[in-house]
């Protein structure tokens, strides 16, 4: 007991303070995850707008909701955000003595938890929305889309003029705080941590053991739930925990994949890439009829390949580029879900009507 007390009294607050490289790395982790997921959703939406267009249109809101579930899960169970926990860090209530510090497995107090969640989730969402608004207003102002009598025109001009200075001030504030942190003049590398009333520290062996012990206890303790309200609350809690755990596992794998891509495209690996990609270009594929009764292309370009008559209401298939009569190709695609010539999978939304000057 005496040795434990001596260790506590001699330990300084800065003993567990992470380096600038650790805190910058964990800051950049979620910053890299967002555009990566956004690109994946964009590719899916472009390939199948009917199924994935919703996720592209509401990506910011869906990402913010999932990010909130993930961060709330980690803040309440590990006293850290996902990226902080990934790098072995935790949040400590500022000003608390080592004797009164909560274990990381107990989570943050409610006040500090909600402040941290707001700065981790809500603030980036608002920042993204402001950036999109500024980009849209610049384009509209450049092409003079706003009418001269618009009441909002003056507000748009003021916003566009002030936004770069606000952004510069914001980034300068963060840069100044990081410089003070490097020089040992501040215990927070980010002003948002100070506003949330917490600071970052390293996880100790006791913290890791306590979190592992809590997981074992949670899986072992399964109390019978009696009331319907408690059943619903327990089910929601398990669902949120399951979603957060799935996101955590997926992001961990995704982070590894991003680091692999970073290594793959690094300058040191360029010679390896060139040796692997320096292969002859394969010849273009020879298109074969996808079945025996596939119609042959007519010799005259104005004839529909399906009805063998002059085309009416020219319609092109976006999947293959061939032109048909609208009624012919509409009925065919609706029945077979494929291009009549190539057999490529095709849906009705891939029909594009052509309006030529002759018509």
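Here the Cβ of each residue, glycine as well, is placed from N, Cα and C on the backbone.
Here Swiss-Prot flags 1-19 (among others) as topological domain 'Peroxisomal matrix'.
Same-chain neighbours of the transmembrane segment (20-47): 53, 55-56, 59, 63, 67, 81-84, 86-87, 89, 124, 178, 181-182, 189-190, 200, 251, 254-255, 258, counting only residues six or more beyond its ends whose CB sits under 8 Å from a CB of the stretch. Taken from Swiss-Prot, the feature transmembrane segment applies to 20-47 (among others).
What Swiss-Prot lists as topological domain 'Cytoplasmic' is 48-51 (among others), and the listing cites similarity to another entry. Listed by sequence, the residues of this chain that lie at least six past the ends of the topological domain 'Cytoplasmic' (48-51) yet keep a Cβ under 8 A from its Cβ atoms are 347, 349.
The transmembrane segment feature in Swiss-Prot is assigned to 52-76 (among others).
What Swiss-Prot records for 77-109 (among others) is topological domain 'Peroxisomal matrix'. On the 0 to 100 pLDDT scale, the topological domain 'Peroxisomal matrix' (77-109) averages 83 in the predicted structure.
The annotation transmembrane segment is assigned in Swiss-Prot to 110-139 (among others) on the grounds of similarity to another entry.
The topological domain 'Cytoplasmic' annotation in Swiss-Prot covers 140-144 (among others).
Taken from Swiss-Prot, the feature transmembrane segment covers 145-183 (among others).
Annotation comment: Swiss-Prot describes 184-249 (among others) as topological domain 'Peroxisomal matrix'.
Taken from Swiss-Prot, the feature transmembrane segment covers 250-277 (among others).
What Swiss-Prot records for 278-359 (among others) is topological domain 'Cytoplasmic', and it gives similarity to another entry as the kind of evidence.
With a 10 A radius on its CB, residue 328 (Zn(2+) binding site) counts 20 other CB atoms from all the protein chains. The Zn(2+) binding site annotation in Swiss-Prot covers 304, 307, 325, 328 and is backed by similarity to another entry.
With a cut-off of 8 Å between CB atoms and residues at least 6 apart in sequence, the same chain places 304, 306, 307, 309, 311, 312, 313, 314, 315 near residue 325 (Zn(2+) binding site), listed in sequence order. The DSSP secondary structure for residue 328 (Zn(2+) binding site) is helix. When the binding-site residues 304, 307 are compared by the number of other CB atoms within 10 angstroms of each CB, 307 has the fewest.
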